[in-house]
Each structure stands twice: as structure tokens, then as C-alpha cells.
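Look at TrEMBL and you will find 13-338 tagged as domain 'RNA 3'-terminal phosphate cyclase'. As annotated by TrEMBL, ATP binding site applies to Gln104. Annotation comment: TrEMBL describes 184-286 as domain 'RNA 3'-terminal phosphate cyclase insert'. Per TrEMBL, active site, tele-AMP-histidine intermediate is recorded for His320.
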Amino acid sequence: MDGDRVEIDGGIMEGGGQILRVSTALSCLLGLPLRVRRIRAGRSQPGLRPQHLSGLEIIRDLCDGKLNGGEIGSTEITFTPGKIKGGTHIADTKTAGSVCLLMQVAMPCVLFAASPSELHLKGGTNAEMAPQIDYTVMVFKPIVEKFNFTFNCDIKRRGYYPQGGGEVVVQMSPVKELSPINLTERGTVTKIYGRAFVAGALPIKLAKDMSAAAVRCIRREIRDLYINIQPVREPDDQAVGTGSGIIIVAETSTGCLLAGSSLGKRGKNADKVGIEAAEKLLQNLKHGGTVDDSLQDQLIIFMALAKGVSRVKSGPITLHTQTAIHFAEQLTKAKFTVTKSEEEDAGNDTYIIECQGMGMINPNL
């Protein structure tokens, strides 16, 4: 600690932008001044990239905070939060940096704002190394709303690598507190659906090929379910640039949602993209958990803030999740335990993530 600044080592564990997202969001929520050193120390281009900087700037603007060291390439920042206010805020990565990652950093904060918020997030909607916006709407949204809040996510324009140019508008109202969640019963898979999309210069045939290859792949493991993966060509006035990809969601009898997704890129065969997404989905279904490996880490901050005990059954714990837990515990009074699940088939690599949340109360309501 320097005075009462919390010191964060941005180079440990997962060592990426996630440490920044979790620690600055919690700093903003708890009113804790923060210093983050060695930002993205292990990456090929260490320091802040445009997307991380936009995330820091939106947090600063949300709470009238002070940010030092906020420039591209910077490996150390200090942040002093103010009071979280609602209203309209804009974050623009000016690249294909992920709008979903901007949403991840801002959302916990605006839940505890003084009034409703509208976030205009600009950048890539379907980017590598980040959840696709379709995942956010189809999987993340219905599950995270179990913490007892709702939000509206309007995809104005899709934007793809390399130029980005997408825009998503998120509207949400503040809450008094978050309820804990209990996601421990997987149930049986009742339906499988999804969308395979192309945009820009690509023909719809590619979307149909991705969809067909994915269905064939899933059919080998799951024979008796109708699988509906819609091929879509994004309207030209609602997409910037050329892109393609697929997301497939499995819904279970207890309301769990697990997904697999993949993005097309130049020289990558459409069948391969479809198969990759299908294999990821099947892998997420194999472990018997109630969440897939992309959702696991995104729930941690909400579990930490909620009042009471949350329990989530998951597959193998990802490094992203371990990192989120580490920093959530360092900054809040939440306590996490991860135990191997004893029930059913011992061959399953299943874990229970349990959290005694800190019970954050919105001081403004």
C-alpha cells in the first residue's frame, strides 16, 4: 500500500487485461484508490492496448475518477475513484477491440450508480480472444440476470477485425443489492440452436457450410435432438467490414446455457469453423458443469458483490477464473472456495465454486 492505495501486480497469473478489468471495477465500486504495475507484463506487446485504455476511461468517466498513466503502452496506472453516477457514457476503442470486454468492466459499476445508465460501446463485436456479442446476448445475459438485475443490449452495428466500427448500446438501471445464485443442477440438454453469420464481401453459402458442418459434428454425439443453427447474412447497413463466425448454444432442462463458438478468418475453411464451434460446445457439455468455460470467470465479480452464498458447478477451473477469484478476494471481503464435485461420475472433471459474497449495498438508493 502507498498511503492507502491498493497495489496490484498486473503481471501475475493470467497476466492480461482481465486483471485491470476486475481490479478497476472493484476499485470504482468500493472507493479504493489503486495502483496497477507491470500491466500485461508477459504479453508480446506489454502495457495498455487501445481496448484496455477505453475500459479504464469509461470507468474513470462513470465515477468522475482520476486516472494517471492512461496511455497506449503504459505499464503502470494509478486510479482514484469518485462517486458512480448514471447517465450516458461513450467508450470507443477506435479498433476492433472487443465491446464485450468494455461491457465486462463497466457493468458491475453502473449497477451501483445513482441513476440509470446508457453505455455506447464502440469497437469489435465479434473479436478473437473475447466473447462474441452473440454470446453476451444469448448466454451471458440470461444467466447473469439471475443475480436479480436486468439490462438491455441493442446491437446497432457489427464491427469486425481489423477496423472494428461496431456499436452496442447497453441500458441498465441501478439495484439496491445483488442476490446470490445457485447453479448446481445441470439437467439434460433439451435444445441446441445458434447462428452462423457472414458479413461484408462473404457469400451466405459460407454461413450455410459452417452451420451444416457443425450440425454433422454434434450429430455424432447427440442423435435425438433437433439442432437449429440459422445461417444469416448481416445487413450491409448494420455491419462494418467483412467477417464470419458461428455460435451454438445448448439449453438444459434446468435453464443452463452452454456454448461453443468460432470465428472465420482468411484461409480458414468454413467447415473447420463450424466443427471448431461444435467441438467446443461438446467439450463444455462433457464435464457436467452448469456453465461453460467462457462464462465461468465472468460470474466471479457478481458472486463477490452479491449478498449471501452463491454456488456454481463448472468444468475445470480456467486460469482466467483463478485470476478473477484472486483479485476479487484481494479487494473485497468475499471468500471463495473451489472444491472437486463428489457426485455422479467420478471421472467427470467437475468443481463447485462457492462464494460468500460481500453484500455490496448501493449507497445511492
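For all residues, glycine too, the Cβ spot is worked out from N, Cα and C.
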Work out how many Å separate His320 (active site, tele-AMP-histidine intermediate) and Gln104 (ATP binding site) at their Cα atoms, rounded off. 13
Same chain only, sequence gap of 6 or more: which residues have a CB within under 8 Å of the CB of the residue listed as 'ATP binding site'? Arg21, Gln298
The DSSP breakdown of the domain 'RNA 3'-terminal phosphate cyclase insert' (184-286) into helix, strand and coil residues is 36 helix, 37 strand, 30 coil
What is the average pLDDT across the domain 'RNA 3'-terminal phosphate cyclase' (13-338)? 97
Just how many other Cβ atoms lie inside 10 Å of the Cβ on the residue listed as 'active site, tele-AMP-histidine intermediate'? 19
